[in-house]
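Take a look at the structure set out below.
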Amino acid sequence: MRTLEDSSGTVLHRLIQEQLRYGNLTETRTLLAIQQQALRGGAGAGGTGSPQASLEIGAPEDSQVLQQATRQEPQGQEHQGGETHLAENRLYRLCPQPSKGEELPTYEEAKAHSQYYAAQQAGSRLHGGDRDPRGASGGSRRQDEALRELRHGHVRSLSERLLQLSLERNGARVPSHMSSSHSFPQLARSQQGPQPRGPPAEGPEPRGPPPQYPHAVMAQETAAVNDPRYRPRSSPHFQHAEVRILQAQVPPVFLQQQQYQYLQQPQEHSPPLHPAALGHGPPSSFSPPALEGPPGAQATSGSAHLAQMESVLRENARLQRDNERLQRELESTSEKASCIEKLENEIQRLSEAHESLMRTSSKREALEKTMRNKMDSEMRRLQDFNRDLRERLESANRHLASKTQEAQAGSQDMVAKLLAQSYEQQQEQEKLEREMALLRGAIEDQRRRAELLEQALGNAQSRAARAEEELRKKQAYVEKVERLQQALGQLQAACEKREQLELRLRTRLEQELKALRAQQRQTGTLTGGGGSHTGSTELSALRLSEQLREKEEQILALEADMTKWEQKYLEERAMRQFAMDAAATAAAQRDTTLIRHSPQPSPSSSFNEGLLAGNHRHQEMESRLKVLHAQILEKDAVIKVLQQRSRKDPGKATQGTLRPAKSVPSIFAAAVGTQGWQGFSTSERQTDAPARQTVDRGPAEEPPATPPLPAHTKHGSRDGSTQTDGPADSTSACLASEPDSLLGCNGSQRTTSLDSIAATRVQDLSDMVEILI
């Protein structure tokens, strides 16, 4: 019973510890009252009292201080993990890890605990009614009932057997250290090692184990190990909804009972869980011990596994702290690097601006220095000249004074002359001053002109750069034109190959037609020779007529395709002519605007002459580019026509339905007669005239037995894009009745009619090939 009391006391101690850490005062008092009742009940049932219970009851404040001191603070993994990690570790934090000296139970013990409490929970659900989980008296009553029921059954014999096995496995081990908390004897007992589990002091009906109970336990254990559907609760994949309900709704006073139900529900409906399901906490915090497994290696492996899990969790927390620290350092270094980069860019910009200012100031200083030197030289020259004038004036005055002294008579004349000379000198001096002012104005004009020349030089350089850029663009256009010319040559070669294939097909069809004519002649001779083979000859004649009809349908389909190509060619030619005219008008307008708005160069300066030559070259380049652009437009139109021809489906030539006959030269004549198409030359009309005459002569040369083939004409619409068929129904009817009428004629008439039809169609095909080329 000491073991049962230790387990229940340990659970209550841990709940009180959690409540003292996170709960309020009323719930803490309720838990302390429950612990006192449990200790009193355990002391009365076992016959022996705990000497430390009074200390524990009398001094709850000291125990609270010691519990808060001995509780290990979280290392940061609760705050560093995500929501999934917090959801996984909430049950683990509610049932804390044992202290360093506490011995962990084995897997067999934990399994026996869970099985026994599952059975007890099922019995309490069947026999008990609805209980209020929030009452303190109800919780203490439930715990007393659980302690009372543990004294019954076959737990006594099993506990004795497990005690013997544990003593044999561990030997006579002396408790080496005591707990640091003297107010809670449960912690001291758990750190001293496993207590000897004797039989309960009192309990009604002590009986032995049921037969074959260990075998059933081993079978359930093997089923739980081999079943892959159940995973440990420590894995991130095993998350049950009841854990969140327990954390959110159930108060921490009775969190222990809800944990019991959470661990018992999977055992009521399914095989036992994996051994790692109880890895996050000691099994004694969930249920009292009932069974222990006989092998000793599993205990060491379980403790090693738990120690490894603890080390992994500590390492994970340390790595997460290091990761956050490194992330903060990385953010700070990145901010510093960005600031340094901004400072470097600003310094570089300032240095460049300073260099440009230094260059401009040096130029300005050099210019000012030259002008100042010129002005100083001019002023020195004028000062020398003024000094000379003064010296001359002084000499004249001295000479005048000497003359007055020598001769008083002629002094007045000399004074007048000297006055006149002085007046002239004054005028000359004023003139020199005016010239100096003019020179100063000229200096200012030269300075302004130099600035204007610098601006013109910058503009000319910018225009030259733009001209070079346009030249590069136009060179790229020229390269594109060359590539398009190459593609055009390739398309022309492909079209020639296709025309050769069509010509071969035409010749093969003509050969087949000749063979059919020979067969018809043979059948005609056979029908004229004897009457015994009339049935077979009629069948062969019908078969030959069907073959001839099929060949005629193929020929008519080819003719229809050729007329369609002719119509597309005419449309593309008209569009190309329109595009070329538009491009020519646009180029002419650009030329006129450029010539009109071109700057008029002044022939007085060499700089303007250079600008004139550059503008002339630029205009020549633009005219050349306009010519190339017109050529590109023309070749683009030709390429579009060839691309439409290449996209033509070749399978349309072998259509099985009978299509109306369309005479190619008649269409061509109608197109020439229409005012919408003005692009044909007189040579094409002359080459087309014999073909129309042969077509017109073809039906006239046939015998009266064969119905004439009416000319099929097309009426062009106003925009030239649509055409309407004339007597298409009559033409199709005539073509449908043509093989029958040919069969009804004799051999010579049939041969002449087929030859004339073949000749006219070959001529039409040759004309169309020439037109397309």
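Using N, Cα and C of the backbone, Cβ positions are placed for all residues, glycine too.
Given the structure is predicted, the values throughout are model-derived calculations rather than measurements.
The stretch that Swiss-Prot tags with region 'Disordered', taken from the ranges 259-309, 463-513, 616-666, is 259-309. Matching 418-421, 450-453, 670-673, 770-773 against Swiss-Prot, the residues noted as motif 'PDZ-binding' span 770-773. In this structure, of the recorded sites K342, K403, the smallest number of CB atoms within 10 A of the CB marks K342. When the alpha carbons of K342 (ubiquitin cross-link) and K403 (ubiquitin cross-link) are compared, the span between them is 89 angstrom.
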